[in-house]
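Asks: Encoded as structure tokens, here's the structure I'll be asking about.
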Amino acid sequence: EVLFCAFKRNLVKEVKVCHQPKTLFFNSESLAHKLIGMAQSFVRTDNINLMYPGGHFGTRYQGGEDHWETQYMFTKLSPITRSIFPEDDNVLRNYLQKNGKSIEHTWFVPILPMVLVNGIEVNGNGWSTYIPKYNPRDIVANLRRLLNDEYTEPMHPWYMGFKVTGVTYTITGIIEAVDNTMLRITELPICCWTQDYRECNILSDSGDVYIDILLSEEDMVISKQEGLAKKFNLATTIGPINMHLFGPDGNIRKYDTPEQKFFKLRLEFYEKRKEALLEKIKLSLKSLNNKVRFIFCIVNDDIIISKRKKAELLLELQQKNFDPLPEKNEESPEAARGLTKSDYEYLLSVPISTLTWENIQELIDEKNKLENELEKLSQTSPRSLWLSDLNALEKELDVLDRMDAEVVEERKARIEK
């Protein structure tokens, strides 16, 4: 519902978190809490935050609880979000209705399974689910393999900003001896926030971890013998993975390979999207062809529109084989003769200032452009459409990586000062 509201409002400019109106399922306070969670971008939050954090949205020091008051926080759609939920999918989305108004989409289908990107941990009534986070690039690579009819490769948990890499499901922080009496922790396991070590001498800012621990030489020897990671609780285990998720029918199911199920569902959506977009372009072409012919008739005095009853004009348009493009059925005298006011509204609503030879050429140019789009889309397979979207997403991931690298360099510069 948060995404639906953001897409509907085209939320590309920052707005205050506290000024977001309540929705069907969220009051203003709970909506603000949800927005904060979707925008936080430190270790152990979402690998891809769909909302942009404008202001201080919290740090790993207190697990995000140290964020500013909502009146000082701003948000908008993250630039990458529309790459995950393409606008071309809008032609397929079903809307829930309330009092005759669209209140939200029934559900979204991103171009990659976001439940694997951002993970989930839920304990329900009689069931539970736990899925760690995975690298979106690994997920994209596996989707490409499926699109090319190749076998997927195993993926391993990955947390944005976490320094330790490896294939084990035991995640260990980084601790090393600086000298005979000092240890330095430069990374914590995923389960820990920096505040958990607040008794120590913390030399970190909001992003990176630099915790110095002073020991006696005797305690240093004992700690090394016991194992530094074990001694200071710097290891945590992920798993077992328990994938209970809602299926397309709204029922909870247990999945072993959710990417396979997702692939089939999303590919079907690309097939439907192609068909819907082709129909949309064809309808636009029909409208343009009729508009061009209609304006020709006007400038050549083949159709006179002034000082005439609308019913007569509608009948003439029908007799001259202009295509009706109705909006809704209406009860009117024209409807009794098989016509409605909206059948030819797309022609009769053309502004007088556009009834010129120059505008005809503009419409012809637009028509030619749509014909090229129609031909290109007709020759493009649903798999190619998906691959194109994945390529666009990877470019956005490259931008995020560059931005993250700049932030890291800025933090290092501040620490060195």
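In case you wondered, yes, glycine gets a Cβ from its N, Cα and C as well.
All TrEMBL annotations are machine predictions without curation.
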Asks: Need the matching range: TrEMBL marks coiled coil on one of 207-257, 309-359, 360-410, and I'd like to know which.
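Replies: The range carrying the coiled coil annotation in TrEMBL is 360-410.
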Asks: Can you count the other CB atoms that lie within 10 A of the CB of Y72 (active site, O-(5'-phospho-DNA)-tyrosine intermediate)?
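Replies: Around Y72 (active site, O-(5'-phospho-DNA)-tyrosine intermediate), other Cβ atoms within 10 Å: 13.
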Asks: So what's the average pLDDT for the domain 'Topo IIA-type catalytic' (1-390)?
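Replies: The answer is 78, the mean pLDDT of the model over that range.
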Asks: Where does Y72 (active site, O-(5'-phospho-DNA)-tyrosine intermediate) sit in the DSSP three-state scheme?
Replies: helix
